[in-house]
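Reading through the structure tokens given below for one structure.
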Amino acid sequence: MGASVCALASNGLAQNVGTTGAVNPLTQSTPPGGGTKQVTLGSQVIFKERFVTSGAGSLQLVFLDKSTLNIGPNSDVVINEYVYDPAKRDGKMSIGLAKGALRFVGGQISHNGNAEIKTPVATIGLRGAVATTSFNPQSQTQTTSSIVGSATVTGLAGGTVTMVQGYTTTVGQGQSPSQPTRTPPQVLATATGQTTSQSGQTGGSATPPSDTTANTQLAGDRSQSNVVLSTTQSTNQVAQQTGSTNQSVTDTRQSTQVTSTTTAAAPLVQNIQASLAPRALAYSVSAGAGSSVPYLTALFVGPTQVTTTPLLGYRVGGADNLASSETIRTLQVGFGITGRGAAQTSVFSVVTEAFFTAGQETIYNGGIQASSRQSATQRAAFAVSAISSVPGSVQLASDGSRIPVSLTIDQNDYNRANQPVADVASQFGGTIPGNGQNYTFTQSVASTSVPASLGANRPNLSLAGYAGGILETGTFDASGNRIATQFVTVTGRNGDGSDVALVLDGGTSRASADIQLASRTAGSRLVNGTYQFGNLNTTQAARSTYIDTNTFALRDRTVRDPNTTAPQTDSPAPYISSTGSGTYRNIQSGLTSWDTITGTNPAAAQAVIAATDITPCQCEFTKWGFWSTRAVRDNAGGGNDQERGHLLTWVAGQLSDRSLIPTTGSATYNGHIIGNVQFGPGSTSAPVTNTGTNYVAGGTFNHTVNFGQGTGSLAFTFDQRNYAGTSTLNSANRANFNGSFATSGSPVPASGSLQGSFFGPNTGAGTAPLEQGGQFTITGTPPSGPGVYNAAGIFAARR
């Protein structure tokens with residue numbers, strides 16, 4: 001390793017591995033070869049240093065790789081090993097806990113699984129983790145809870161268990177770790193209380209500044225690029241970290257006190273009273289486009305019964321930096337399905353926006369992507385619009401919180417110079433005549449009551465999974481006339497749980513999603529493609545909002561041209577590979593989860609999905625939902641090719657550990673299956689080329705797995721037909737499975753296949769994973785008349 005690597009000293013010099021980010025009274029340390037001393041705020045943390053806290057003491061250590069360690073009262077901790085290479089962003093660390101409690105928030109080292117905590121009875125291996133651990137020397141008992149990521153606990157007497165977030169295990173002297181169980185709220189509350197500062201403590205500052213002093217300091221320090229401010233988060237939130245090599249990250253208490261350090265050899269330490277605390281928000285939005293649904297016209301919504309969430313938002317806490325952007329990210333989704341089969345209509349909309357500052361003014365800017373089908377025999381319609389605050393309309397709370405409490409919004413836009421630009425909303429396709437219509441709207445927004453627990457659980461989270469649906473592909477000439485149409489069955493390209501990649505970032509309230517699709521229809525113009533949503537890159541448009549694990553929404557990813565001041569003339573990022581060629585010039589896509597739709601009004605959400613005959617899986621580690629898209633690509637004939645999809649489906653979760661899939665026993669998984677249906681004149685050997693009939697259908701899903709034999713039995717209903725079949729675990733990866741099924745009942749035969757994965761923790765070796773999800777396709781004969789019946793979608797189930 002190079003000279004920049006922090007490691008064991010070979011020259012006898014003390015090796016600095018971090019700094020103290022917060023210190024409360026009566027905390028002492030003993031460096032190697034040195035005497036005991038009182039710990040002070042901002043002092044260096046030395047390799048092999050030992051820290052002992054009293055009954056009133058607590059301490060936070062911030063390491064060079066951005067890991068943080070909160071040490072509770074009556075604790076004894078030593079830095080056993082620390083090696084870090086900043087260039088490779090990798091290393092190894094080992095922390096010894098002789099007694100007491102600590103909370104670990106992983107940095108770069110833990111991302112590669114090279115962090116561990118050792119107690120007298122066990123070793124805890126940590127990967128991308130936030131975890132709490134306590135050890136009682138009297139009872140010789142250790143308790144470990146995984147809050148984010150995974151933790152593997154190995155008893156010194158033998159036995160190993162692996163936990164994902166939300167689970168706890170205990171181990172005693174001479175014992176193996178217990179099977180992980182769901183962490184009781186009181187256990188989490190006790191662990192949090194042990195590792196956070198108490199009322200009246202100041203984190204080591206003798207004179208904490210007032211709000212006024214803090215704001216003045218912040219204004220003066222913004223120009224100092226070597227100062228990194230850390231922020232506090234709510235109890236269930238992951239502590240967030242910025243990009244500095246040496247930094248301070250606060251504990252997770254609901255507080256407004258933060259500290260800052262610099263990357264200099266002799267740390268500059270400040271204690272600043274931040275003025276902005278983390279906060280979830282909710283707003284009511286009036287309908288101003290001519291229908292009962294905000295942003296959308298009556299022609300677009302039609303007879304569909306639609307449930308619309310409030311405008312929901314979240315502000316990440318921290319310094320009141322008037323020059324910062326996207327201080328509050330928001331979302332709003334609408335969803336409705338009315339009727340079954342050929343009588344069905346449907347609507348889907350996704351809004352993502354943000355409040356940000358331009359000079360001294362707070363402005364609001366974002367957009368909506370929407371799709372609808374006002375007749376099962378009509379093609380899908382699409383609507384798109386910017387959404388912006390009317391200049392000067394944003395009113396802030398008078399209590400100094402800088403929370404927007406009311407504003408007026410319309411369809412106009414802001415350019416890259418934050419100047420208002422006139423714009424119009426557009427709708428096209430479906431029952432809308434001609435090549436589309438433009439319209440305007442003006443709507444009022446006002447604060448309303450915040451739903452319980454909104455924003456309470458917002459860890460950094462990565463999910464993987466499957467997708468499925470029916471895409472309509474069309475070819476248009478230079479005059480806009482449709483000259484070819486195909487309806488194509490699509491599912492995840494690889495079919496192994498890697499085709500949906502959903503990432504949620506609690507630090508920025510952003511999200512990203514990538515969906516890889518492949519055509520399952522022989523002879524289709526569309527071959528395969530990838531659709532991209534949102535953006536984690538803070539130099540690009542977010543096009544997404546992440547409030548908590550049950551509340552997020554994304555629009556199509558775009559790449560902004562930094563040299564333009566035109567209104568949002570961004571380049572589309574998604575691509576489609578097909579037999580055609582050309583450059584994409586227009587994409588509108590939206591994605592959200594079922595939890596987001598149902599979160600604020602479960603009864604209304606269930607009412608508008610009842611026509612699909614599903615009772616949604618009560619899954620915990622598996623998310624699923626809908627997405628729609630319209631992509632326009634120029635073709636060689638001077639016209640364009642389009643791909644359109646309305647209410648396609650996706651499912652993603654925390655993939656189960658393949659090494660822990662049991663080899664004995666069985667388990668039964670119950671849930672739902674849902675997807676797109678398209679049928680009409682045609683044949684099974686070629687794409688359907690007429691509009692036919694299009695709708696969303698579903699049903700109940702049952703899958704019994706015999707882990708000893710590696711096989712399973714399938715029984716489910718879809719589109720009011722009964723199916724039965726078998727499944728087989730993948731021999732190379734038993735966390736994945738494949739299946740086939742068929743029905744010969746009334747009215748017509750149909751058959752299909754599915755691919756899926758197990759999701760969630762195994763809760764220990766030899767136990768079945770908790771959940772599963774995947775994708776399916778069905779081909780058969782229409783309910784009436786000649787032709788072909790196609791369906792594709794997803795399933796989700798829990799044992």
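Positions of Cβ are set from backbone N, Cα and C atoms, glycine also.
Curation does not apply to TrEMBL; its annotations are automatic.
The model shown is predicted, which means the values in this text are computed figures rather than measured ones.
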Request  = Kindly point out the range from 639-664, 743-768 that TrEMBL annotates with region 'Disordered'.
outcome  = 743-768
Request  = Give the residue counts of the domain 'FecR protein' (51-140) per reduced DSSP state, in the order helix, strand, coil.
outcome  = 4 helix, 57 strand, 29 coil
Message = Mean pLDDT across the domain 'FecR protein' (51-140), rounded to an integer, is what?
response = 87
